[in-house]
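Undergrad: As listed in Swiss-Prot for this protein:
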- 112: heme b binding site (BINDING)
- 19-149: disulfide bond (DISULFID)
- 18-161: domain 'Globin' (DOMAIN)
- 1-16: signal peptide (SIGNAL)
């Protein structure tokens with residue numbers, strides 16, 4: 001019974017307790033394979049555009065809310081994709097150092113508070129899109145670890161939005 005209560009609490013919260021150090025290490029390793037490995041036909045912008053495509057499909061957020069309107073041939077949109085993917089890279093790679101990660105997430109939260117129209121729900125959808133694309137690129141991805149750790153990141157960035 002105690003294990004069930006603990007499991008349900010963890011699943012409901014998807015918080016720091018759920019993105020354990022082991023989860024974080026798995027996510028960092030798998031992100032490295034997706035983000036940094038030289039995979040044939042894949043690049044940072046291709047992965048980033050796939051993340052945004054998944055985000056637009058699941059969130060209901062209009063591509064027009066972003067520079068370049070979601071056009072994968074538009075340099076303004078590709079610059080936005082690069083900023084988001086780079087931010088995700090830094091956040092993911094800081095997961096094993098919670099003080100650094102929390103400071104970064106607080107900084108990203110402040111940046112997003114200054115942008116009209118950004119919501120916590122949209123941040124959550126984007127984090128889920130990242131997990132979804134990782135699972136597509138890396139079929140052996142540990143999706144539970146991704147869900148826990150991306151929920152932690154989304155909660156930090158999206159707090160109060």
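Every residue gets a Cβ built from N, Cα and C, even glycine.
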Undergrad: Through the lens of DSSP with three states only, how would you label residue 19 (disulfide bond)?
TA: coil
Undergrad: Measuring Cα to Cα, how many Å separate residue 149 (disulfide bond) from residue 112 (heme b binding site)?
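TA: Rounded to a whole number, the Cα-Cα distance is 20 Å.
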Undergrad: Validating a neighbour-count step here. Other CB atoms within 10 A of the CB of residue 112 (heme b binding site): how many?
TA: 18
Undergrad: Return the residues near residue 19 (disulfide bond), defined as same-chain residues 6+ apart in sequence whose C-beta is under 8 angstroms from its C-beta, sorted by sequence, else 'none'.
TA: 27, 95, 145, 148, 149, 151, 152
Undergrad: So for residue 149 (disulfide bond), how many other CB atoms are inside 10 Å of its CB?
TA: 29
Undergrad: Suppose you look only at the domain 'Globin' (18-161); what would the mean pLDDT be?
TA: 91
Undergrad: For residue 112 (heme b binding site), just give me the three-state DSSP call.
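TA: DSSP assigns residue 112 (heme b binding site) to helix.
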